Amino acid sequence: MESLERAAALIAGAERLVVFTGAGMSAESGVPTFRDALTGLWARYDAQALATPEAFAADPALVWGWYEWRRELARRVRPNAGHEAIARLEHATVITQNVDDLHEQAGSKNVVHLHGSLFAPRCSACAAPAEQGAQGDPPACESCGNPVRPGVVWFGEALPVDALEKAVEAAANADVLITVGTSGVVYPAAEIPQVTARMGGTVIQVDPEPTPLDPICTVTLRGTAAGVLPQIIR
Ligand code: APR
């Protein structure tokens, strides 16, 4: 059976479906990935200077400004055909590493953000939620006056416990997991598809390039999110 047909049949027959997405999911919406050779954010910016707690402590204005730029970009982009196809899987759990809201914009209801959200700034000290677009570089927390920080997970930080627990439980119980647009090199997120495989579930991968997840995938479709997903999600 041809891979597209095989993937479509596996998805149609799935009872406990999980979709796991990375930056490649949003690439066709105009959001840069991290590790694509020429266009990836880490090919153009220094992750250590922008995406760590130490970077924020050393230069809050620089880090805040960079994430505000990413938030503004994320506000302007729209879901692609891949997000829309995933949103048709009404009972699926969507576990994303992405900090945009394109899955929600497309209509997915059960979305777990492992790495936080550009739209959830919070106080760096008391964690009180902060207003998006508040003035200041960075704004001061209205509750305690400390600097507000982006609501994303930085390198070296723990993932939100509730999100990680929900993701591991969904992956462990999944009979089919579709992994889309992730290089599979950042842990613990990259563990998620491997949990499904270890528990005997079937992993389908959509990515134009080889990834370290290839060996655990029953079906790998070498294509893009917007190009492949509408063909396998009927
Ligand atoms: N459709 C599907 N996949 C694509 C597309 C596309 N149009 N374009 C690129 N890809 C693939 C790339 O081949 C690569 O495998 O998407 C993947 C993007 O990998 P990364 O840029 O490493 O993004 P991701 O895996 O989400 O990074 C994980 O790293 O920096 C941290 O917190 C950040 O959540 C991020 C994490």
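Yeah, the Cβs are placed from backbone N, Cα and C, and that goes for glycine too.
Together with Q97, N98, V99, D100, G181, T182, S183, TrEMBL lists one candidate of A51, A225, A226 for binding NAD(+), that being A225.
Summary for the binding-site residues Q97, N98, T182, S183: the Cβ-based neighbour count within 10 Å is maximal at T182. Ranked by CA distance from Q97 (NAD(+) binding site), the recorded positions Y67, H115, C141, C144 have H115 at the top as the closest. Rounded to a whole number, the distance between the Cα atoms of G181 (NAD(+) binding site) and C126 (Zn(2+) binding site) is 34 Å. Straight-line distance linking the Cα atoms of C123 (Zn(2+) binding site) and Y67 (substrate binding site), rounded to a whole number, equals 15 Å.
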